[in-house]
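Feature annotations, courtesy of TrEMBL:
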- 48-306: domain 'G-protein coupled receptors family 1 profile' (DOMAIN)
- 32-56: transmembrane segment (TRANSMEM)
- 68-89: transmembrane segment (TRANSMEM)
- 95-121: transmembrane segment (TRANSMEM)
- 142-165: transmembrane segment (TRANSMEM)
- 192-213: transmembrane segment (TRANSMEM)
- 246-267: transmembrane segment (TRANSMEM)
- 287-308: transmembrane segment (TRANSMEM)
């Protein structure tokens, strides 16, 4: 959908040549400026999603169903950003590449959006009914649900893509275009499937937040009552559910924030004005390209919100950076400075043995030698 919004900025206008040339020059200047911003957002978003993949698959975080969903969502978001970077290179000279970019971008975009819906519904079930969570909110069920989603998306787009799109060879650059008969249908069904239905289902966060508030109140009442004692595991599980819910509510809020303007402009572009003013057209093109940038931000900023709202994720991220900095120091001193002394100390740190263990080992050896001498006497 982002590729279609970007491509629609070069539409032919029903006005004189002067207005058309001025608008085309403005669009070219705007695209030249925004291409650097979009490239920076895409590259930084890919880097952030790769960091999210590394952090979420650490031993302390990976054995949960939420980690599976976050992993696949980071993969889909990275794929969308990579495809957008490829579309910025204007590959319309190759018809196959242009059609493949449209197909794959829509495929990975809908998978990323609906994985967010699935993880939200999964959190709703986990908070509302802990007994059902033990049965359904597992790692295997999360993987199976993602596999089913990918299969349905591939079947859906493989069946509808040849019907909705056709190849336009008459223009200077061959490209995929929507058939005129399916223009209105495409403007209706794609926003519904991509954004409207996920927006409705993501409202289940309200029920999740309400359930957490009720459970916290109940926990306070039980803690004030001397007859009941709360287990430590229950307190930790409630705290964990609360942290995951805060993370998801933040990501869902950014989904509403970034996708709503693009949805409005995508629907409004179906009926452009017949006798437009130059300033209105320039504002329309500017807002359209800004909506494309907002769609990129939706796929590029999840890692930032994970770090801000998730304490365990933030601690794992800091630990990962510390490990990477240690590895870089070891590599620099070994292969650039050829420092043998630092090589020994780095190996000593790599084994995760503190410095106080060395005299303890000597004491253990002395104690073991004395013990053997006493036993041999």
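Every residue gets a Cβ built from N, Cα and C, even glycine.
Across the domain 'G-protein coupled receptors family 1 profile' (48-306), the model assigns an average pLDDT of 82.
Between the transmembrane segment (68-89) and the transmembrane segment (192-213) there are fewer than 3 Cβ pairs closer than 8 Å, counting only pairs 6 or more residues apart in sequence, which means the two stretches are not in contact. Within its own chain, the transmembrane segment (32-56) has Cβ neighbours under 8 Å at 62, 67, 70-71, 74-75, 77-78, 81-82, 84-85, 88, 289, 292-293, 296-297, 299-304, 306, 313, 316-317, 320, counting only residues six or more beyond its boundaries. Counting same-chain residues at least six beyond the ends of the transmembrane segment (142-165), those with a Cβ under 8 angstroms from any Cβ of the stretch are 65-66, 68-69, 72, 99, 102-103, 106-107, 110-111, 114-115, 118, 122, 176-179, 182, 185-186.
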